[in-house]
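Q: The structure is given below, and queries will be raised subsequently.
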Amino acid sequence: MKKRLLIIVGPTAVGKTDTSIILAKELNGEIISADSMQIYRYMDIGTAKPNEEEKKGIPHHLIDIVNPDEEFSVAEFQKIAKNHINRLIEDEKLPIVAGGTGLYINSLIYDMDFTQSISNWELRGALEAEAREKGNEYVYNKLKQIDPHAAARIHPNNLKKVIRAIEVYEETGEKIGDFSTDLNINQEYDVFFVGLTRDREELYDRINMRVDAMIEQGLIEEVKNLLSLGYDKNLIAFKGLGYKEIIGYLEGAYSLEEAMDILKRDTRRYAKRQLTWFRRYENIHWYNLSNYDSCENLAECILKDFKGHFNSL
């Protein structure tokens with residue numbers, strides 16, 4: 001018998017946290033976060049982590065597991081998340097995976113083998129040096145020659161992704177896009193897959209209000225504290241939404257109002273990319289929260305469909 005798994009995805013600020021907590025209470029579940037920013041300690045406000053009161057006594061896993069200067073790969077997520085899933089099933093609890101990081105979700109629903117890590121630090125260093133000496137465009141043109149399809153999808157100034165695509169090609173002879181297609185569904189789990197969305201204007205309003213709330217809650221102080229602890233502003237963790245904008249403000253690159261406007265704009269764009277990613281999934285049950293009075297009413301509908309799915313097997 002396959003292991004039952006509930007997965008909840010959707011764009012940032014849509015209501016995944018509240019919905020997943022309600023469902024966890026009703027289904028005797030625990031939550032496994034699939035958010036690549038909530039893994040970091042000391043980064044709470046900018047990552048919208050639920051506090052203890054908001055968790056309502058529901059255990060949450062894969063939150064606060066590494067420091068901001070530590071690396072954490074999709075492979076590591078997959079390993080730890082599966083360990084939690086298997087333990088919860090043994091304890092007769094329902095694992096509920098909730099989050100908006102598409103690669104994390106892919107690692108659970110597809111048969112993705114990370115045993116052979118694709119990396120070439122020497123090549124990476126050489127490409128970074130070339131970018132410093134000759135500019136990002138020079139390195140980008142290398143990618144265009146070997147993988148024009150990837151180049152068309154990556155901005156020339158997104159040096160990290162440009163180098164990664166070159167690195168994968170040089171190490172495997174395969175184009176990076178080939179690793180995200182023709183994936184086989186993981187037969188280990190019987191997944192009830194939930195996708196949450198809202199009407200666009202409502203979602204964008206929620207994003208704007210979330211940014212305002214983050215500033216009021218102390219996001220600027222949180223960033224200052226991280227820097228005072230000695231964490232380098234160039235760390236991957238600081239590339240996340242909310243942190244890079246506030247660092248720009250602190251360095252005088254723009255005013256606080258400008259930083260907030262940039263953060264709101266970039267978060268809206270990120271939400272759009274998330275929806276594009278999740279809409280590629282098959283067998284996903286979509287729910288528009290704009291059609292419900294509350295997350296509680298939505299949860300009732302999801303519960304009915306969830307039980308119907310497994311009763312029909």
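Placement of Cβ uses the backbone N, Cα and C atoms for every residue, glycine included.
Sequence annotations record features per position, and here Swiss-Prot assigns ATP binding site to GLY10, PRO11, THR12, ALA13, VAL14, GLY15, LYS16, THR17 based on sequence analysis. Feature annotation from Swiss-Prot assigns substrate binding site to THR12, ALA13, VAL14, GLY15, LYS16, THR17; the stated evidence is sequence analysis. Marked as region 'Interaction with substrate tRNA' by Swiss-Prot: 35-38. Look at Swiss-Prot and you will find THR101, ARG124 tagged as site 'Interaction with substrate tRNA', backed by sequence analysis.
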Q: So which other residues, same chain and not among GLY10, PRO11, THR12, ALA13, VAL14, GLY15, LYS16, THR17, have a Cβ within 8 Å of the centroid of the Cβ atoms at the ATP site?
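A: Residues close to the ATP site, other than GLY10, PRO11, THR12, ALA13, VAL14, GLY15, LYS16, THR17: GLY100, LEU196.
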Q: Taking 8 Å from the centroid of the Cβ atoms of THR12, ALA13, VAL14, GLY15, LYS16, THR17 as the cut-off, which other residues in that chain fall inside it around the substrate site?
A: GLY10, PRO11, ASP18, GLY100, LEU196, ARG206
Q: Express the distance between the Cα positions of THR17 (ATP binding site) and ARG124 (site 'Interaction with substrate tRNA') as a whole number of Å.
A: 37
Q: Measuring Cα to Cα, how far is GLY15 (ATP binding site) from ARG124 (site 'Interaction with substrate tRNA') in Å?
A: 38
Q: Per residue, counting other C-beta atoms within 10 angstroms of the C-beta, which of the binding-site residues ALA13, VAL14 reaches the highest number?
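A: Output for this query is VAL14.
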Q: Sorted by position, what residues of the same chain at least six away from THR101 (site 'Interaction with substrate tRNA') have a C-beta under 8 A from it?
A: ALA34, ASP35, SER36
Q: Would you count the other C-beta atoms found within 10 angstroms of the C-beta of ARG124 (site 'Interaction with substrate tRNA') for me?
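A: Excluding its own Cβ, ARG124 (site 'Interaction with substrate tRNA') sees 15 Cβ atoms within 10 Å.
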Q: Using the alpha carbons only, what distance in Å do you get between GLY10 (ATP binding site) and ARG124 (site 'Interaction with substrate tRNA') once rounded?
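A: ARG124 (site 'Interaction with substrate tRNA') has its Cα 33 Å from the Cα of GLY10 (ATP binding site).
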Q: In whole Å, how far does the CA atom of THR12 (ATP binding site) lie from that of ARG124 (site 'Interaction with substrate tRNA')?
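A: Between the alpha carbons of THR12 (ATP binding site) and ARG124 (site 'Interaction with substrate tRNA') there are 31 Å.
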Q: Quick check on the binding-site residues: of GLY10, PRO11, GLY15, whose CB has the lowest count of neighbouring CB atoms inside 10 Å?
A: GLY15
Q: THR17 (ATP binding site) has how many other Cβ neighbours within 10 Å of its own Cβ?
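A: Total other Cβ atoms inside 10 Å, all chains included: 22.
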Q: According to DSSP, which kind of secondary structure is PRO11 (ATP binding site) found in, if we only use helix, strand and coil?
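A: SS state of PRO11 (ATP binding site) = coil.
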